[in-house]
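Taken from TrEMBL, the feature signal peptide covers 1-33. The domain 'Plant heme peroxidase family profile' annotation in TrEMBL covers 34-333. What TrEMBL records for 44-120, 77-82, 126-329, 205-239 is disulfide bond. Summarising the annotation, TrEMBL assigns site 'Transition state stabilizer' to 71. Annotated active site, proton acceptor per TrEMBL: 75, in sequence order. The annotation heme b binding site is assigned in TrEMBL to 198. The annotation Ca(2+) 2 binding site is assigned in TrEMBL to 199, 253, 256, 261.
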């Protein structure tokens, strides 16, 4: 299967994305020069097709896996770069850190790797599989088809101590978020655009239920005034005291949770950002202006997502003789 597209429309979308991101590759880093859009064309021509089919198959039985794959790529690329280090199992690994306890989608990556090891043993990296799977998840949710260069190699180190200093916590200020994004070579615009991933997926109640509570009489009390009152009451009811807040989940987007669109930004304008970090984007002039633009122009959001996602996908990539090609994504060779 040399050609992975199922329709002319999909091919056109991919080519449009390719034209959009090509100039960016020249501006990011020298290591990106070792990546290419046809890296596996000779060594494993069906690689991207296999990943896409694995994602589609998994989502047909569990649609929630798509949002999990989108989240997973953030937690990999922001810690030591896009090297699949978050996939490694074991004590003291990134995956074992409490900040990564709620991550999912690992089985999808491992399933794709298992198939690829049958047809192309030792060729396709877990790092590439993870980035491609996240890209395909966005597409499956109705988002843009993003052209992604491949050729990443897998990291050989995965340490829990590297997680907390590099991921965004739900109570961060805009300044803290900008600092972390800047350390990865990402701009304020990238911060706002990539936050748009919260238009899909779900979150555990304990990540946002400090924004409201019940008083001693059992009445609702809003703690965070940046949150819409009625929305907060709805969240409180869904995260009732009879439920375990570490397992109870709520959709990130209360309106179109299974569609990759710009509804997230419309929710922010209505003060319905699920996390404190979401609401914070409306309280800072640097980010609020971008939110307003994206809320009113879905096409602009999808185009900017294509650019920002590609930039994130090449953070700290290992290429050439660096790293390795793992035989199993859950362990180093």
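First residue shown is number 1, and so on along the chain.
Cβ coordinates come from backbone N, Cα and C, glycine included.
A map of TrEMBL features onto the structure.
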| residue | record | Cβ neighbours (10 Å) |
| --- | --- | --- |
| 44 | disulfide bond | 19 |
| 71 | site 'Transition state stabilizer' | 22 |
| 75 | active site, proton acceptor | 21 |
| 77 | disulfide bond | 28 |
| 82 | disulfide bond | 27 |
| 120 | disulfide bond | 16 |
| 198 | heme b binding site | 24 |
| 239 | disulfide bond | 20 |
| 256 | Ca(2+) 2 binding site | 18 |
| 329 | disulfide bond | 24 |
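Counting other Cβ atoms within 10 Å of each Cβ, the lowest count among the binding-site residues 253, 261 belongs to 261.
Taking only the Cα positions, the spacing between residue 261 (Ca(2+) 2 binding site) and residue 71 (site 'Transition state stabilizer') is 16 angstrom. On the backbone, the CA of residue 205 (disulfide bond) and the CA of residue 253 (Ca(2+) 2 binding site) stand 14 Å apart. Predicted-model confidence for the domain 'Plant heme peroxidase family profile' (34-333) is 94, expressed as mean pLDDT. Considering only the recorded positions 44, 71, 77, 239, residue 199 (Ca(2+) 2 binding site) has 71 as its nearest partner by CA-CA distance. Note on residue 205 (disulfide bond): other Cβ atoms within 10 Å of its Cβ, all shown chains, come to 19. The distance from the Cα of residue 71 (site 'Transition state stabilizer') to the Cα of residue 256 (Ca(2+) 2 binding site) comes to 17 Å. Sequence-distant contacts (6 or more apart, same chain, Cβ under 8 Å) of residue 126 (disulfide bond) comprise 84, 87, 109, 113, 154, 326, 329.
For residue 199 (Ca(2+) 2 binding site), the Cβ neighbour count at a 10 Å cut-off comes to 29, with all displayed protein chains included. Checked against residue 256 (Ca(2+) 2 binding site) by C-alpha proximity, the recorded positions 75, 82, 239 yield 239 as the nearest.
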